[in-house]
Every structure is written in structure tokens, then in C-alpha cells.
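Listed in TrEMBL:
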type	residues	note
ACT_SITE	Glu327	active site
ACT_SITE	Asp411	active site, proton donor
BINDING	His326, His330, Glu407	Zn(2+) binding site
DOMAIN	61-243	domain 'CAAX prenyl protease 1 N-terminal'
DOMAIN	247-462	domain 'Peptidase M48'
TRANSMEM	7-23	transmembrane segment
TRANSMEM	35-55	transmembrane segment
TRANSMEM	138-167	transmembrane segment
TRANSMEM	188-208	transmembrane segment
TRANSMEM	214-233	transmembrane segment
TRANSMEM	345-364	transmembrane segment
TRANSMEM	376-398	transmembrane segment
Amino acid sequence: MSNSFDFVSIFYIFYYLYEYIYGDNNGLVMTIDENLLLLLILIFSWVEYAWELYLSLRQLMIYKTNNTIPEDLKEMLNEESFKKARLYGIDKSQYKIVKEFYSISLTSFILYNRWISAAWQKSEDIATFFNISPSQEILISCVFMTFVTLFNFVVNMPFSIYEIFVLEEKHGFNKQTIGFFIKDQLKSLVLSLVITLPIVSIAIFIIMLGGNMFVVWLWLFTTVTTLILLTLYPSVIAPLFDKFVPLPDGTLRKGIENLASRLNFPLSQVYIVEGSKRSAHSNAYFSGLFGAKRIVLFDTLLEKHDEVKKVTTGCTENEILGVLAHELGHWKCSHIYKSIVLTEVNLLLLFTAFGLLFKYSLLYTSLGFPSGQEPVIIGLIVVLQLILAPYNSLLSFFATALSRKFEFEADNFAVGLDYPMELRSALIKLGKDNLDYPIYDKLYSAWYHSHPTLLHRIENIKVQISNKKDD
């Protein structure tokens, strides 16, 4: 954005405020208010984008200029693997910069040209074609959400294709075929609509008929829905995309069962997920909100030797136990439940703000809607995503910081179970296998990283080991 645009924007803000306070022409004031609101939304969007672009450029400079392997990683990282991680980081960073510019430009274009109201009008036209009356707002909202979902699917598809078949392929991570990718994308699209449309319909119904207490009923509905989806995900949704098979009997399974028994972890099953059909990246997690839980290991996490490339990837059984000790630390420290509680408190605050704001006609006319037309779904989008954008950004920053705190606590728990060296070596190996460049700009990391950096985690493990010796 040029400096001239900034000065013009500031000038018009003060001019509009002056007219709002002292102007006599009510029609002119309404027009100015609409433009001002839209202008403020766009200004904040571009200010946030400029801040994140600044952070990305700082990190990109580190990728390009830092060629020295950190001392803590020299024993397990060679020059070749460090260079690969650096080049992968450069490509990801440049891709991110281009994608975010595309996203903010498209969003600004849609808002400035009032395409949201045009999309609603088109939804009404489609509904009319199927003999749906314009008064049936819930059905029209479903048409609108379908229209928006398909639009986002199409405009973001070039980036999805580039990321998987160019960026990830270039660095050896992509394992998807074209057919697998198409099938995966269509599944995600259909599942998104199947889940979203009923939820949106019930939410609108509650808002329209819930009276003065609709905020409470809406919050209760979303809370129950969230818990149901979290419960269904591991056993119903996840298997739609990946194949899960029980971990065969052996020393690894026995070690996992012993670890779970030691902590009274309600383990029901240990699964291997065939993540290698999609990507070479590794992961492990436990799932199940209530009662018995399952542990899931990506097949890429297991140690294997590539005869062609002459390299060994994955982790040893003891290192996998170190990783799982970390994951069970999240369970023992109730991080999942704490996160759910904080999420629900935030939802209640958001819905309360929505209840106070969504009846202001300015929110709708600023997007091009005629006076008197105030669809509930549009109010949800405007208030929760646009008007409360500053709050959402601030909350995201603190949530990211809290997540890092939880990760340190889980690491400390694993160290307390006597897996410090296993966890340390596993973290380094996974970082190496995933081409995770270990050096990050402090501001960039503070804003984006939900997990501490590899070097911070290694340093923390050292401190915990030292504290244990002192005790």
C-alpha cells in the first residue's frame, strides 16, 4: 500500500467523523457512515497484513543469511540436511507471502465491490428457481453458504495444487497422486457442507426465535455440537480420509501399553495411520474426549531405512515412547479440557458481542444490502469476522502463547517420566525428517508458533535435567 493511500485514508476518516458530528444532511451522513465503516475494516485488514508481511520478511532474511548449524544440533545434523531445511524454509516463506497477498487483495476486492450482497442476491435467485420464497431465510442462507464454500474452494485450488504438487513435491514430501488428491479434496468439500449447513441452519433458527435469551441458547448449542464433533472425529470422520490399522503385537506395543498403565491412561487401542500415502511428514497423537482413548502413530514416525536414498528416517521405539510421554503429558495436565473451557468462554463473549451489534442496519448497508434487508448469516459474518477482527487477532496471539506454555509443560512431564534424552533425540530427528529449519526470528515465532522452537525445547529439557539432578 502506498503512502499516498494512507494519507488519503486518514484524511477521509477525520472528514467523515466531522460530518457525522456536525453534518445536517441525514442521507449524506448515512452514506458517509457506510463508507467509513467499510474503510475502517479494510484499513485494519491491511495493517494486520502489513504486520504479518513484516514478520515473514524478517524470517525470510534469516533463512537466506544464516548458514551456521546451532551447536546443540551438530551431533545429529550435517551440512546437507541443514541446507535442505533452509531451502525448504525459503520456498515455504515465499509461497506464504504470495498467498497472503492474494488473500488480502481478494478479500478487499470483494468487500469494496460489495460482492457479499451480490452473492446473497444470487442465492435468492437460485432459491427462487427452486420455488423457495425469499422469506425462507434459513434455506436461502444454506444456498448462500454453499455458494461461498464453492467459491472459496475454486479460488484457493491453484494454491492447494501448487503447495502439494510443486512445493512439497520439490522437497520430497508429497506422496499423493492426482487421483488421490482429487478424491481427498472432494471428500473435504462434501464433508464441509454436510457438517456446516445443518449447524448454520439451527444457529439461524435459534437467533431468529430465541428471543432475548438467544445468546445463551446459541452458546449451549455450539458447545454441545463441538463436543459431539470432537467425540465423532477419531472414529467416524478421520477414517474417511486415512486408513487406520492396529499396531501389531511387539516390543513397541508392549512399551506403549506399559507407559499407559503406569499413568492410568484409559487406553483402548493403538493405531498406525497410513499418512505416507499423503505426505512424508510425521506425527503422533491421542484422541477420544470421554472414556477410553486411542493413540495414533503416523507410519512415517516409525524407523525405516530407504535403500534407494541410503537414509534412515523415523524414530526408534524408545524415542517414540519419549514422544508419547509428551503427548500423555497433555492428557495428564488436562490441556485439552482447559483449551475447551477457554474456547467456550471466548464463544460466549463473541456471541454476546454479536447479540449487541447485529441489529445495527449500518453493518448490512455498508456491504451493499438495501435498507431493511438484514440476513442473520450476514450479521454473523460481519460481526464475528470483520467487526471483531482486532479482538480475534489479539486473542489468537495469546492463545498461541498459551499453547507454547502447554507444550513446555508436556515436555517437562516427559522428562519427569525419565524420557529426557529419548524426547530430545526424537525432536531432533523429527525436525530433520520434516526439514524444520531450527532458527527463527523472535517476533515471528511469538506471533505464529503454537509450539516452541526446537532449540527452545532442547534448552528447556537441559534445564529440567539439571533441576532433577539438583533435587
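Just so you know, glycine gets a Cβ as well, placed from its N, Cα and C.
Because TrEMBL annotations are produced automatically, they should be read as predictions rather than curated entries.
Feature map: annotations from TrEMBL on the structure.
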residue : record              : Cβ contacts under 8 Å, 6 or more apart
His326  : Zn(2+) binding site : Ala410, Asp411, Phe413, Ala414, Leu423
Glu327  : active site         : Ala284, Tyr285, Phe286, Ile295, Ala410
His330  : Zn(2+) binding site : Phe286, Ile336, Phe406, Ala410
Glu407  : Zn(2+) binding site : Ser450, His451, Pro452, Arg457
Should the transmembrane segment (35-55) and the transmembrane segment (376-398) be scored as in contact, given a threshold of at least 3 Cβ pairs under 8 Å and pairs 6 or more apart?
yes
Zn(2+) site shell beyond His326, His330, Glu407, criterion: Cβ within 8 Å of Cβ centroid:
Glu327, Gly329, His335, Phe406, Glu409, Ala410, Asp411, Phe413, Ala414
Pop the mean pLDDT for the domain 'CAAX prenyl protease 1 N-terminal' (61-243) in here, whole number is fine.
92
With the transmembrane segment (214-233) as the reference, which stretch in 138-167, 345-364, 376-398 has the largest tally of C-beta pairs below 8 Å?
345-364
Across all chains shown, how many C-beta atoms besides its own are within 10 angstroms of the C-beta of the residue listed as 'active site, proton donor'?
27
